[in-house]
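Peer 1: So that we are looking at the same thing, I have put the structure below in structure tokens.
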């Protein structure tokens with residue numbers, strides 16, 4: 001059954017436009033609360049709610065709290081905390097569920113609601129459908145004796161900081177390294193610099209002055225120019241960029257070169273292979289560069305592709321019992337460290353890997369050069385038959401690139417666009433193919 005409200009990563013949209021309105025989020029909290037009460041009959045469920053730094057987070061948090069407590073669910077509020085921190089605390093505190101209020105890398109004018117089940121794992125499709133089925137039902141507030149309570153907890157940041165630090169090798173530290181940390185004026189501003197500082201690094205913190213409106217604005221993992229300039233200015237060894245909710249990572253070396261998720265996954269996997277750690281293999285996506293796949297196999301590391309989206313990478317990792325996976329966008333999963341993507345922990349694993357290999361980022365990543373990719377986003381209207389419109393041109397381009405490249409077309413799960421990606425050994429082949437396919441789709 002198709003989902004009505006949940007996308008690939010929860011419920012997301014522009015604030016003030018359906019479904020990111022106070023009245024809908026109230027109903028969403030109430031519906032989710034009803035499902036929790038039905039599934040947790042032994043005791044009153046408790047939900048953890050975290051958020052990033054968007055101004056709308058206050059409004060949406062209040063609506064969620066009202067919905068959950070009206071359904072008879074207790075609520076624990078952390079304030080600003082990265083998404084992986086919410087997942088961790090949901091598990092560590094043995095709570096019934098966790099909720100993150102964030103639109104990740106989007107502008108402040110967007111927001112979203114992401115749920116975690118007991119244990120800090122993402123909700124199953126079945127539970128999301130159960131919640132959706134109850135959203136349109138009439139709200140019936142529990143009797144006063146059964147209402148939930150809401151409270152804020154102190155020390156959430158500190159618990160998450162200690163957890164992140166525990167994933168770094170106990171016999172080592174970061175002394176001697178100068179790092180620039182860009183937290184995108186987002187959820188990680190209060191925790192990320194402390195993690196690296198407490199492990200011994202000299203830290204320069206930027207993107208750490210959120211005002212409710214500047215999250216992801218010319219900073220963070222989706223805009224690395226600010227970090228690149230800061231690394232050069234401060235003569236730092238590396239720069240680390242998170243996105244607004246702290247689950248993505250990009251890194252910059254001392255020369256200002258940017259390393260995306262693919263490169264960082266390769267570094268981690270190569271070091272684990274060198275140490276003789278059996279990671280099973282690496283899960284990438286249909287967007288992962290072909291050159292990386294070849295380089296991993298040369299290191300004796302198996303590789304497979306999942307659909308785009310960290311939830312699909314996670315599904316493949318769980319099915320195969322593999323440990324490492326992720327996307328070029330900076331979502332990186334190290335399953336032996338955390339059960340969800342975590343920008344801070346991923347950066348620690350990269351730095352630990354570089355110590356293991358006794359090399360810098362540039363040297364390790366020189367093992368492979370990405371095939372040139374051209375990515376074009378084509379806006380579409382709901383119901384447009386873009387697959388039919390692009391069928392003939394797609395067949396032509398795929399035939400031309402056989403053995404020399406590949407094509408990936410996919411509809412975004414969060415916005416009305418089709419992403420056209422063409423990868424080839426030569427940049428002009430990729431650019432020409434992508435433009436032809438995008439033109440065919442755009443002609444609708």
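Placed from the backbone N, Cα and C atoms, the Cβ positions cover glycine too.
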Peer 1: Can you tell which of 104, 109, 390 Swiss-Prot lists as binding Mg(2+) with 243, 245, 247?
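Peer 2: According to Swiss-Prot, the candidate sharing the Mg(2+) site with 243, 245, 247 is 104.
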Peer 1: Would you mind reading off the Cα separation of residue 247 (Mg(2+) binding site) from residue 104 (active site, phosphoserine intermediate), to the nearest angstrom?
Peer 2: 8
Peer 1: Identify, in sequence order, the residues in the chain of residue 245 (Mg(2+) binding site) that are 6 or more apart from it along the sequence and have a CB within less than 8 Å of its CB; answer 'none' if there are none.
Peer 2: 52, 82, 83, 100, 102, 103, 104, 105, 186, 187
